[in-house]
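Copied from TrEMBL, the annotated features are:
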- 64-82: transmembrane segment (TRANSMEM)
- 94-111: transmembrane segment (TRANSMEM)
- 123-143: transmembrane segment (TRANSMEM)
- 155-173: transmembrane segment (TRANSMEM)
- 212-233: transmembrane segment (TRANSMEM)
- 240-259: transmembrane segment (TRANSMEM)
- 265-285: transmembrane segment (TRANSMEM)
Amino acid sequence: MDNYLAGNSPPPPPPPPRPKWRKVAYGGMQIGYDDNYTDETFLEEMVMNANVVRRDLLKVMKDSVSISQYLCIVALVVLVWFHTLQSSLDESSLLLLDLSLLALGFLVLLLTEEKMLSLRLLLRYVINITFFTTGLYVLAPVYQTLTRSISSDSIWAVTVSLLLLHLFLHDYSGSTIRAPGALKSPSLTSCISVNASVVASVFVASRLPSRGHVFAVMLFSLQVFLFAPLVAYCIKKFSFGLHLGFSFALMGLTLYSVYALHRLFFVLFLVLVVVVNVVCPYWLIRMQEYKFEINGPWDEAKLCFDITDG
């Protein structure tokens, strides 16, 4: 009181208590806190490696068999192309091979999809293949003269590029055409992969000497590129053990055929199969040890939809 009478100013009032920080997404800045402020409980919700899938080496190796299986299928197609271009296979042998593959494919579908493959669906397959074969035979002269003005070196370079694109975009876990009872249709990349294989087949067929050769090779190629993944998918869904047996038999046939062609190609293809089935799975398992993922309240919201075909 005496100090106040003497002319001294009164003591300043105490500052108002700072409001408690609240964790809100929308509401503007809170008084007394920076925009990027977090309290001591911010890291309590942090989770490490919540979505990391621990894989087993044997399971990964089994899953990689599907890749080697399709590599063998494409290699066998290339071998048939080579022997046809070298006049080692005539039209009759190619047509007999086409009919055998077609009958074997339908037999596999009947044995593995007996609960879903009705007689009506089988009849529809037969009608579609009949129209498809007829159209292919009519267009065979067009395919034969399609690339007459293009040099062979350009044809082989584009063919190899298209086959590599086909292998890179191929769906190794499903089928290039919709299987009976399947809920999902083929993806866009799978369709692009099929188109690349068809164009490559046309380029190879354009270098054949007769209309019969063109028709037989095109029919064989399209049968394999379109229906072989479907047959392999049905076998895998029916029995995984049968899938492994079929894959190993196909690998043996391919290795034998490549060895008969050239030993260097045999060594290269054998190394490729070993890398795909052994080295890459082991490499993937080893890389899992260095995977580090953190999740917490700072993550953006992720919308998950489960859309199936009606």
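Cβ atoms here come from the backbone N, Cα and C positions, even for glycine.
The shown structure was predicted, so the numbers you read here are calculated from the model rather than taken from an experiment.
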* Candidates 64-82, 123-143, 240-259; stretch with most C-beta pairs under 8 Å toward the transmembrane segment (155-173) -> 64-82
* To do: Could you tell me what the rest of the chain brings near the transmembrane segment (64-82), counting residues at least six beyond its ends with Cβ under 8 Å?
  => 89, 94, 97, 163, 166-167, 170, 172-173, 204, 217, 220-221, 224-225, 228-229, 232, 236, 243-244, 246-248, 250-251, 253-254, 257-258, 261, 269, 272-273, 276-277, 280-281
* What stretch in 123-143, 212-233, 265-285 has the biggest tally of Cβ pairs under 8 Å against the transmembrane segment (240-259)? -> 265-285
* Residues of the same chain, at least six outside the transmembrane segment (265-285), with any C-beta under 8 angstroms of its C-beta? -> 55, 57, 60-61, 64-65, 67-68, 71-72, 75, 251, 254-255, 258-259
* Structure fact -> Lying 6 or more residues past either end of the transmembrane segment (212-233) yet within Cβ distance under 8 Å of it, the residues of that chain are 66, 69-70, 73, 76-77, 80-81, 84, 91, 94-95, 97-98, 101-102, 105, 108-109, 132-133, 136-137, 140-141, 143-144, 166, 170-171, 174-177, 179, 194, 197-198, 201-202, 204-206, 243, 246
